[in-house]
Structure formats: C-alpha cells, structure tokens
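Asker: Reproduced below are the annotations present in TrEMBL:
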- B:167-349: domain 'FAD-binding PCMH-type' (DOMAIN)
- B:199-205, B:281-284, B:333-339: FAD binding site (BINDING)
- B:384: site 'Important for enzyme activity' (SITE)
- B:543: active site, proton donor/acceptor (ACT_SITE)
C-alpha cells in the first residue's frame, strides 16, 4: 500500500489556517469582586436557565428513580441469582452504594463557597478571565439539550472554580464526578457533596452492581436535565501539564442516552482552564520523582495555607464550542444496532461504539488543548530547558532569551497557539515580568538567566538528593513547557522524521513519522488512526511557514527552515531519550534476570534507580543522558506502555519481559 | 372518576343535539358508523366509462365540491354538503394557520385551475396490444385527462407538480376491466405484447407507488379496477363476503350495512381507497382492535399474475400448508399481479357506538395510559392519542358554535381543566376513543378505560371532542390543499415501534424535523406533531404530521423531501419500522434491504422473478 495515494499534493490542502482560528475575548470576573460586596454577591438572586425538557425533582426523588429503573432492576435480579441472595438484599446494597455516591447539591453551600472562594481567589490570583461568549453559548446549550461539561484538569482548583464561575454567571450548577479520595476529607468531602460532587470509586473492575448504580445515576441526571454533568476526561490531574490520554468510561455513559435514542442530542462542552502558575507546581514534580502523593486530608489542605501568600498570576477559562453528540455520531454510528435488544439490558459496547467514543474523546481533549491560553513564560521554559540540556553553565543573556522568545512567539502563533503575549509592551518587559512571577524556578544574575538548580541547602545532602532537587526544578519548568507541546507536536514529529529518515523521499519520511507517532501515542494526544491527517497537518504548517518545500516525491528543507527544524527536533529530544533509556534498561534486565522479569510495580522504581545511577556516574551508555526529565515516572510509564504496545516488551501475568530486540534504535542516534 | 368530570361528560353529551340526524338519544346508530361522511353520495354508474374523476379533484384531495377556503370576510369555510363540517364557518382556523405557519392571506399560491392537455406527452401505444384489446370489448381510453388522473397518488411532490401544471411520465392507456375474466385477458395480452401494467385502485397511495417509472420504455397501461365493485355473495353462515377487489371502502361498508353487516375495516382513506389496494399494501383500519387489520380480515384472495391465477383451494380459517401464500400477495404493491376478488370476514353491524375523549396533563402520561390499556387488552375499537400541537390544531377546527350556551360551556370546561386541575395548556394532550358493541358492554368497557385513564391523570373530556377528533381524520387531507394555496406544504407519515420506544421516537423525530427545516433554510418554524393511532400487545403505530411555510425557498418540494428523508432515517435509527401500513412504494425503497436483510430481499426477488419474469407489473415498487 502506498500512502501517497491518500494525501494529495500538500499545497492544495484546504485546511483552515490555524492562525485564523477565531477565539472569543476574555473578561476578568474578579474585577467586579474587587469592587463590590462579596456577601451580597454570595446572597444574590440565582435563577439560572434550565433545560427545556426538565421535570424538576428533588435529590431524594432522583435516588428513587435510580433504584426503580429497569436498568438497575435487571442487574439486581442478575446479581441476586448469581450470589444466591434475595433481591431485597441486593437492592439494599445498591441503595448503600447510591448513598455513598450521591451528591446533595444545595444552594446554601454553593453560596458559602461563593463567598469564601471570592476571598481566596482575590488573594491568590491577579485575574480570572472568562470568555463570556462561551458562557452565552453554554446557556443556550443548557436550554436546548442535556449538557456535559468537560474541563481540563490541572489542579484541585478546577472543579470549585467551574462551579464558582457558573454560579457567578447565573448558569445551572453542575453535578461533578469526583474521585473517592476526596471523601477521606470528612468536612470538605461533605461540603463538596453539597456543592454538587458525587463520588465514584477509583476502580470497581468487575462490580456489576456498582457499575449499574453509577451509570444509571449519571444517565438519569443527564437525561432529565437535572443539572449539567461535569467530569474530567483525563480522569485525574495531569502532573505534567500535558493532556492525558482520555478515559472512556464516563464518556461512554453520557453518550449512551443519545445513542439509544433516549434524548435527541447531548451537548459536550470542552472547557480549557489554564493557570499561569499552578498551585501544585512543585508537588507534582515531587510526585513524578517518586515522592508518593500525600493522601488528601483536610488538615493537609490547611497546611497549604502558605500558598495563600504567593502570587499565582491569572487564570484563563475558555468555554469551548458545544459539541453535539448527534453530529459526532452522524454517519459514524449505526444507531439501529440497539434496536433488537431491550435497552435496559446492559450490553458490552460494540467495537464500532468503542472506537467512536475513543475518537470523540480525543477530539474533545484536542478541543481543550486548542483553547488553553499560553503565557510568555511557557515559551521561556522551552528556551531555558534547552539551554540547560546543552549545559550552558553560565546561563543565557536576557537579550538572547528575549530574542529567542520572540522568535518562538511568532512561530507558535503561526501554528495556531492561543498565546497571550501583550503586544503593546516591549518584549523585554514581558520577559522580565514573566521571570519575576516564576522567580522560584529561575535565577538571574548579571543579566544572565538560568534555571535555579543550585538551591540553598541546609546541611549536607547526598548526591542523589541533590540530583532529585535539581530534577524538581527541571520538571516544574517542564510542566510549563509542556503546555505548548500540543502546538508543536505534529511539526516536531515531522522534523524528527526528516532528521532520522534515510532520504528525503516523502514516503520514507512518512514512514518514520508514522513510527514516531505510533511510539509517542501514549505520550501526546494523537488520535489513533489519524496518522495521515496528522502528517498532512504537519506538512501544511511547515510548508506554510516556509520551512519546507514539498513536491510529489520529495521533502526539501528551505534555507531559512533550518532554525525551525532544529528547534522542532529538540522539542522531542527529552522524550526520545526517555524512551531509549527505558528500552536499554529493559534489555539489560532481561539479560540480568533472564526470564524472571519484573512486576510492573517494581519496574518504575527500578528504572528510576538505574537512571539516577547513570546520571550520577556520567556516561555509561553509548549516548549521554542529557535530560534529567527522563526521571519522570510519567515518561517512564508512557514509554513502558508504548513498548508493550509495539510488542518490544511483553507483559506476562504482571511480569515484564523483553521479547525481541528489533526496535528502530537507529532513530535515536 | 370525580363527579366533576362526570358532569362534563354528560354536558358535552347533550351537545350532540346539534346533530339530531346522526344519532337518536340513546346513541343508537342510524347512519353509517364513521363520523365524517354522510353517505348520501351514490357510487358512479357502472354502465358507462365515466369514472369518478369528474366529481373528484384532479390536482388535490377528494371531491371537487368539498374544500376549505377563506371567504370574503376572511373566515375559513368548508364547502359542499358531504361532510359534517360542510357549509360551516371555522372561526379559529385562520388564526391558527397564521400563528402556526406565519402564513398570510395576502400571499397566495393558487393552483393551475385546469389540466392543460398539451402538457401531457402523447401516448406510446403498442398497436398490436391495442388491436387485440379492442377485440375483447374491454373499455379503454388514451384521453389525456384519464391518463393523468391515474398517474399519481397523493404524495406532496405529486400534488405539488400537478398544481403547477407539471406532468411527468403518465400511463399511455387506461383500461377498465369489468370482472376477473377481463383481467385475465388483459394480463395475457400484456404478456404477449410486452406491455407494462400498473394496477390502479383508489389512487390514494402515499408512497409514490403509482408513479410511472420514467425509465420505462414500454407502453404503460393503467389497469383501473374501479368497475369491479360488486359484492358477489354474502355467506351469513360463515360470516364472509366475496367481493370484487375494485370496490371502494365506503361503498363496501354501505352495501354490507344494507344487509346488516360490516367489515369494520376503516382506513382513513376509506372514502376512496379500494379493497384491492388494501390487500396490496397491507392496510390497517382505525377499528382494527375489534375487526383486525387487512391480513386478519382476508379469508381468500384471487390474483391474476403473468404466470396465471393464484388462489387457495378452500376457505379454511387457518391452514398449515407451508408459508402462507397470501403473504406474498399482501404487501406486494402491484408488483406481482392484480387482486381481483377477495373473500372477507364480515360482522353484524354494532348495536351501539359511543365516542369519548380523555385529557391528559402531558403526552407522557397519555402514552403510559395507552400502554396500560394495551397491556390489559381492553382497547376500544379505536383509541388515539394526539400530542399538544395536534390538540390545538383540533381545537382550531371547531366549527362556529350556534349558541351562547355551548360557548359558555366550552369556556367552563377550559377553565376547569387548566385552572382547576392545573393542566398546562401547552402540554396537555387528548386521547380520542370509539367504543362499539352492544350497549351494556360498551358502557362497561367505557368505564374500564376511563378508570385506567384516571390512574394516569386523565380526565374524561366528552364525546364531542372524541367525535371531532375522528372527523379530523377525513378532512385533514383537504386542509393540505388549503395550506398549499398559501405557501404551506406538508404531509403525514407513519411508523410502528415497540412500546418502550414510543416517547423517544415521537420526541426525536419531531425535533429532527424542526432541526432539519432550520438547516435547510426554512424561514419559519415548522409544524411538527404526532399522534399514536393504534395500539398492539407489543407496540404502537405513530403518525407524524409535518408542514411548513415555504416562502423564500426556491425548491420547497426538494426541501420537504430532504426533511422527510431525514425524519425516516431518525425513525429507523430509533427502532421504528419503515412503514406500518402505507407501504414502501418507490418512496421508501432505499431502506428495504436494511429493513428485511439481504436474504429477505433475495426471497422477495425470487418470488418476483418466478411470478413475473418479464416485469409486466413494472411499477418498480418495493424491490
């Protein structure tokens, strides 16, 4: 099969220029909070527009509806037969699950939060900017169809912030799927419950009853238009600021009522929340380095009080265009497949449905990514990390940093980034004010800037601790750089493909592109099966910006294209190295332990140890480890998943073993 | 039932006195059982060849003398003498039309008044066939009017084109066989001379079944069965009647009534549709709950095919002789042959008939009630549930009330339902009921149904409302012609589905229609409404009505067709059937394979190939 048949001459692609992407303007919602009474605001008249088909019902009625639903009834009968207990007992069990799960949304709690959060937000943030047009669209959507809110997840703040915004703008308050870990915090857990959170266990694998209660609960709230349903597609907070591969369970559940004809349509609203400075910045980095995540506890939250004294810049919240499930499914899903089985009998979704939900999920995460606001600091993080990797010990001159940032600003804009770079201010000022907001991560001395790797230390520390301390800064910084990776990922894959391909023949470059893309599909949001589109997109961008010329057969680099290509190639470098290390480690182990292998859980720490050893002792490997980032457990997990997926590593009953050696090692040279 | 609602029933019952001719005080029938039609019209003389077309509109529904119009005062009026509504002023119709469609009496789109014969293509005649046909003495005609009249059914696009004077491919010849043997001769000649035959009954098709395939190059002969309209015998011992298939519904009922019998088969088109057409399309009647659908009513069928005559050797009530060959005939839509004679079940005329109606707070409750009625298998002869829009529409069609007293009562009822019972006038909906049988049982049955209704919040709303609901059935087709005079086009279509999907399909299809209209550039919100018209053990039949004001559209019929297409897709995606009783014709052919599977198509195809290898019955319906 020749791929060339699939894409025409790249120049003729009628893709919309990402630079022309129309985005709404922002309004700062904190401004009014600073100028008027918080108390009056918290007690204001709240009369949101509701779903036109709503039959109002109380929280308790909702539970009754779930317990009396045909869906749950079916599963209860099934479970009672299987376990040999009476259906009353199973019903009791279901009621208990529901009790544990259910939200108890009440306005007074929301008002309480509205008051306190106003105080907190005003202290922490300079501004909270919202696209009000997006809110108008959301209001319309809520009126017309059941709505699912899909915010990005970078902070604990996210869901409180969402409800806060919706309350402020007089929009229907959502019910929010939250992980059970919150429930550990007694008071806060209940408070969250009363502000609309419902709690789900992190894993309930084969528990049919739990699944039935949970899915029916969500569906009933959604179908009846009780409230918008909110959940995080990524499943958990992204510690790296890269979007996580979407989880499909809940999306599957909320799409089901449409697919089965129970509602005319459902609106999915992606929401992009971008923090100029993440509250959990260093916390995430430590977590990625293996300091285990502290269990959520109320007292822990209060310890976070010191956070309150810092400046976290601004937050941008962009409510994206509502996506109609109906239009997503049009000419994709044959809905009549549900005609022959009563709809209350749970069935495993078909391959067709699974792939549809998966593609939709990727689309929605991309929609989130596209509307994430990038601050100048994100671009500075790119430059500083690259310099650090190049081991420029004395740092970068401010002028040079500014020049590079401006160059990157223009490039990223051409690629469609949603960059908030204040053009009316001289670039040097933009740079210095960004640096000052993130002063914890950078050191400026004598007009030169570098990452603040040499932290003051109290007492003697081991080399290993020192390394980890450095890594914390680097990973923190990387989490900002990562915010813009989605802008560059496709061109970067193409640049690396050009770099590694043996010739400039288009077919060959496409093959390396496809290999790299496949390898990194756990790392970045790359929709399965969209290799050709991604390749086209990358080609389009690089041709448009004058980096490449592409004719029928060949891909040629232009004179001025080299700088861009060099930059783009370097974007992927830390990841390539991470995957390479992983592979070497696995290979080594298969030699050392022979057939025994390692369990998956042992694997990450083992790899970490291996890397630390090599970072400390210098180059044991053929190529040097330049990137401290490879210590990130996220990278390692993704790499392992990729190796397993590519068949280089096999998982046998929880053990990991190396199967065959043939991987494109040449790519990474 | 509360005392209040009981009162209302009795009060509204007394209002019937407006129509003393229809019914005596105990409700005993004195006339034909269906409400709309006063059967004084005698069928066309059988001796000459002047068919019904002279008293029928050539480019609209029904009788030439009956139509809606706006009189000089701008009031809506229904002309003629045939219907209960005839000669009456309908005060609410104008406002309803103006507000529902944003229609305006200033903006007229009149139809071409007479058929321009020169627009009709000259006939392609098969001379050899014609010569032999002449020798048989069977009447025929190639007059343009005769041919055009039989070239269409009543799909919107067909009528719209006629109103604009546009004529497409029409039959080249019309023949009027007088009996079974005439048909045998015609079919033989058609086979011999390779002529395409299209059977024509009442011409009420709404599936493009009568359209001549434009690609047909042979001479097309329309075989009009209207002269085969006799009841050949009535067998009172077995309660069957042997009838020629060209007989029209209302004539069949009237003639049987004269002997004290009826078939009870009353499709909405029964004024014009024929027995043969019912068989060929698997028709369904309003009162199927008592009498059954056509497949339950038929005992014996005789059909002439190119292979010869097919019929069973006896009239046993049920047989185990392989797949029932009747089921190849029923629903064959004129693709296999001509049904000439049918033996049907008959019943003694019902002693007593009573209409009724129930108001529900919303459509959901109404459907739940119908479902319960079906579960208890106590459905009256007819039970139909109109949604809110249709309830309003029905209201708009109320004729001018003659006395202050009745209008006062109407006001009182409205007050009671909306204010006292708290029904939202924009959500409530109405079920219409028809009970039939002996008096005692009807009253008992009535109570049972009203008791069930009460459990679903239903309030009895009187006989009058019920009766008017059924009357609407007969005049609604006339209303489309009125709409078409003022830029409003529309149509109805039906489906059937399991009970658990009724609400979902109603909601989704109505919403889909609205959305498609918007997407296709329709400037005004459409009327998109439905009603549940039949109940079964395992499901129901639902009718959708859809109409819109097409001002500002360059190709309104195309837009209409796109929307109807989308609506059908929606029905199928939600688990509804391709058709409950209208049939497939050419309009819904594209969905046949997915409806009955490839193997199913193969089965039907092989029957067609065997019975009619040269495609003499070439209307190209169904497959």
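The backbone N, Cα and C atoms fix where each Cβ goes, and this holds for glycine too.
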Asker: How long is the line from the C-alpha of residue B:384 (site 'Important for enzyme activity') to the C-alpha of residue B:202 (FAD binding site), rounded to the nearest angstrom?
Answerer: 25
Asker: Run through the Cβ atoms and count how many others sit within 10 Å of the one on residue B:202 (FAD binding site).
Answerer: 23
Asker: Using a Cβ cut-off under 8 Å and a sequence separation of 6 or more, which residues in the same chain sit near residue B:543 (active site, proton donor/acceptor)?
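Answerer: Once residues fewer than 6 apart are set aside, residue B:543 (active site, proton donor/acceptor) is near B:492, B:493, B:494, B:530, B:531, B:532, B:533.
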Asker: Can you tell which of B:199, B:337 has the least company, meaning the fewest other C-beta atoms within 10 angstroms of its C-beta, among these binding-site residues?
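Answerer: Result for the binding-site residues B:199, B:337: minimum number of other Cβ atoms within 10 Å at B:337.
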Asker: Name the residues of the same chain, 6+ apart in sequence, whose Cβ is under 8 Å from the Cβ of residue B:334 (FAD binding site)?
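Answerer: Listed in sequence order, they are B:198, B:199, B:209, B:280, B:617, B:619, B:621.
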Asker: Look up residue B:384 (site 'Important for enzyme activity') in the DSSP assignment and reduce it to helix, strand or coil.
Answerer: strand
